[in-house]
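All remarks here apply to the structure that follows.
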Amino acid sequence: MLNPDGVYLGNYRCSLMGFDLNRHWANPSPWAHPTLHGVKQLIIEMYNNPKINLEFYIDIHAHSTMMNGFMYGNIFEDEERFQRQAVLPKLLCQNAEDFSYSSTSFNRDAVKAGTGRRFLGGLLNDTSYCYTLEVSFYSYIVGGTTTAVPYTEEAYMKLGRNVARTFLDYYRLNSLVERPLAPTPKTRKEKEPLFKGTTPQGQGTSHAGSKLEKRSQTHPKDQSLSTQ
């Protein structure tokens with residue numbers, strides 16, 4: 001929950017100060033966007049930690065016009081990376097009757113540049129996958145029917161459980177479940193840190209000059225990932 005003050009007042013998109021927080025990931029202010037600033041610094045620390053494999057980032061939003069659950073992903077010039085990115089939503093579609101792969105899309109619209117999914121998709125390397133999981137405010141339609149089923153609190157929780165099951169399927173698919181998480185592959189230890197040092201008190205952190213180093217690196221897991 002990155003918008004506690006706004007939600008307390010009944011907002012679902014804007015903070016207490018009126019900021020659409022999912023447009024300020026590129027340069028969050030510790031004063032105006034403290035939750036984004038804190039999470040961004042945490043992600044950078046995790047990514048630079050050689051003992052951690054930061055493989056997924058998913059932010060979760062309610063959608064005010066579309067039905068069902070669906071995902072937004074990023075577009076990459078690397079076709080293999082783009083195809084690997086589609087695996088998780090395809091598996092989720094198999095587990096959750098209310099998840100729609102046909103509504104899932106991959107884009108790089110300029111208006112979405114400040115979102116967590118877009119910004120971190122460009123910041124992290126090709127072993128990390130960034131998505132937005134959107135879920136309707138209202139209802140979902142099960143495949144093969146035309147009847148809208150209203151979302152309930154239990155239905156939302158069920159989708160969350162199905163996301164967890166999908167992660168289990170994903171790692172089973174890639175033969176990673178039985179592997180120990182440590183020691184970390186050597187390639188992760190040899191990489192340069194995402195930032196030489198995190199900027200104190202939330203001064204804008206630029207990732208220019210860092211992404212090129214990430215793009216050139218490979219990861220042993222890449223060879224085992226399926227491209228459905």
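Glycine is no exception: its Cβ is also placed from the backbone N, Cα and C atoms.
Database features (TrEMBL):
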| type | residues | note |
| --- | --- | --- |
| ACT_SITE | GLU134 | active site, proton donor/acceptor |
| COMPBIAS | 198-208 | compositional bias 'Polar residues' |
| COMPBIAS | 210-222 | compositional bias 'Basic and acidic residues' |
| DOMAIN | 1-171 | domain 'Peptidase M14' |
| REGION | 181-228 | region 'Disordered' |
If I take every residue in the domain 'Peptidase M14' (1-171) and average their pLDDT values, what number comes out?
94
Once near-sequence residues are set aside, which residues in the chain of GLU134 (active site, proton donor/acceptor), 6 or more away, have Cβ atoms under 8 Å from its Cβ?
HIS61, ALA62, HIS63, MET66, GLY69, PHE70, MET71, TYR72
